[in-house]
Amino acid sequence: MAAPCEGQAFAVGVEKNWGAVVRSPEGTPQKIRQLIDEGIAPEEGGVDAKDTSATSQSVNGSPQAEQPSLESTSKEAFFSRVETFSSLKWAGKPFELSPLVCAKYGWVTVECDMLKCSSCQAFLCASLQPAFDFDRYKQRCAELKKALCTAHEKFCFWPDSPSPDRFGMLPLDEPAILVSEFLDRFQSLCHLDLQLPSLRPEDLKTMCLTEDKISLLLHLLEDELDHRTDERKTTIKLGSDIQVHVTACILSVCGWACSSSLESMQLSLITCSQCMRKVGLWGFQQIESSMTDLDASFGLTSSPIPGLEGRPERLPLVPESPRRMMTRSQDATFSPGSEQAEKSPGPIVSRTRSWDSSSPVDRPEPEAASPTTRTRPVTRSMGTGDTPGLEVPSSPLRKAKRARLCSSSSSDTSSRSFFDPTSQHRDWCPWVNITLGKESRENGGTEPDASAPAEPGWKAVLTILLAHKQSSQPAETDSMSLSEKSRKVFRIFRQWESLCSC
């Protein structure tokens, strides 16, 4: 009885071995693929990563099947490619060869007029030779536009899977996203406080930004802050510093924001989220200096601007530039008594005079300054005949210089210009160009409708924001409305304009 059992067991074993031999050709490619993955895949991926890669390869048949979904659909990766197109490397190109179009197909700049694919590492020379023949120039532009797709390697995914068009467009068809991004930009700009740039009233009139429009936008921001959580609502309060809020509101409408990645650099920089342009505010007139000049010229030191008297004591956020850091240290050496005796208009004006003035009289050396009342070695050397130890509070020459520096020819006014929110963008930026909505793009339109007025992107966003506010405007009003506050700010702008023109 034992022999049949042993025979059956032998037959079963032979059948198993034969089945294994039969199935071995089917399992060999999978085994080889696993061995290859063990040498290429990172160790922290583990077994799950190998199984996922094997599954994607068995289904799609390509190891790069999931790469397009990770890089071409990433908005952060898209704008990181756009950021490589600096003005030195990519200049003088038409709109159809803008960095937004090049980054859509995976290109970055490595040298002047030299593109490189971020995936297949292919190179493309995009130089435009100066030509007097306009047709030849247009032909060259068309060739380069076509080469953005054809210059990739054979198995590169960018020609078949470019980034979405919406990355390089303003979301004009989605008002909720516009309002949310508008509030985020406003909150980030308010962190700069008095370091925000001063705006010229003529530029605001050119942009058709009236007091009523600014008031509606401030009401919209206040309503959106009320809908946010309490943690985010405490960061910004619209009850104080109305001049800062009006400036931040105008800049955020035009697409400017204070990037969070720049806070560690301790610099007052604002950036555009579309053209990735960064602007240092130390090169422009700032609210801090304008308020100081305004108070000194109109005698407003005894009656401060509403909203500033309740400000908590704050440390200076960041020095505007290395030059401002040195001038701040020079101001600390001067005593308040001497400054009051000399009737200085303000610390900002004195800093600018001591550093930027072309006259050698207005350039005191840092080691010559002392905490005590200053002497007059410079005026004595010019022939006044004073003794070195004689202490005088001021001199006629200094008074004359200070009166002249309050005019429009002062170094502070001439060296620092006003910030224009629209002209600081790059010429291909969607904020200053005519932007098509999603419906127009889906219909295949490349030009705006002739019946609709041609408006730049920031003005289209402004129209949508105002319409969104007017559609949901509440009936109740505050005791001191924001429109009244904004009119006070514009009155300050007009006074400052008359100050600069005197």
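Numbering starts at 1 and runs along the chain as displayed.
Cβ coordinates come from backbone N, Cα and C, glycine included.
Taken from Swiss-Prot, the feature N-acetylalanine applies to Ala2, supported by a large-scale study or a structure entry.
Positions annotated as phosphothreonine by Swiss-Prot: Thr28 (among others).
Annotated region 'Disordered' per Swiss-Prot: 36-73 (among others), in sequence order.
According to Swiss-Prot, the compositional bias 'Polar residues' annotation covers 52-72 (among others).
Look at Swiss-Prot and you will find Ser58 (among others) tagged as phosphoserine.
DSSP assigns Thr84 (phosphothreonine) to coil in the three-state reduction, placing it in neither a helix nor a strand. Taking a C-beta cut-off of under 8 angstroms and a sequence separation of 6 or more, Thr84 (phosphothreonine) has the following same-chain neighbours: Val108, Thr109, Val110. Per Swiss-Prot, the feature phosphothreonine maps to Thr84 (among others); the stated evidence is a large-scale study or a structure entry.
The zinc finger feature in Swiss-Prot is assigned to 102-156.
Residues or ranges marked as region 'F-box-like' in Swiss-Prot: 170-210. The average pLDDT for the region 'F-box-like' (170-210) in the predicted structure is 90.
Taken from Swiss-Prot, the feature region 'Disordered' covers 302-423 (among others).
The phosphoserine annotation in Swiss-Prot covers Ser321 (among others), and the record cites a large-scale study or a structure entry as its basis.
What Swiss-Prot lists as compositional bias 'Polar residues' is 327-338 (among others).
Positions annotated as phosphoserine by Swiss-Prot: Ser329 (among others).
Residues or ranges marked as phosphoserine by Swiss-Prot: Ser338 (among others).
Here Swiss-Prot flags 351-360 (among others) as compositional bias 'Polar residues'.
The feature phosphoserine is assigned by Swiss-Prot to Ser354 (among others), with experimental evidence given as support.
Annotated phosphoserine per Swiss-Prot: Ser359 (among others), in sequence order, evidence recorded as a large-scale study or a structure entry.
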Tally of DSSP helical, extended and coil residues in the region 'F-box-like' (170-210): 25 helix, 1 strand, 15 coil
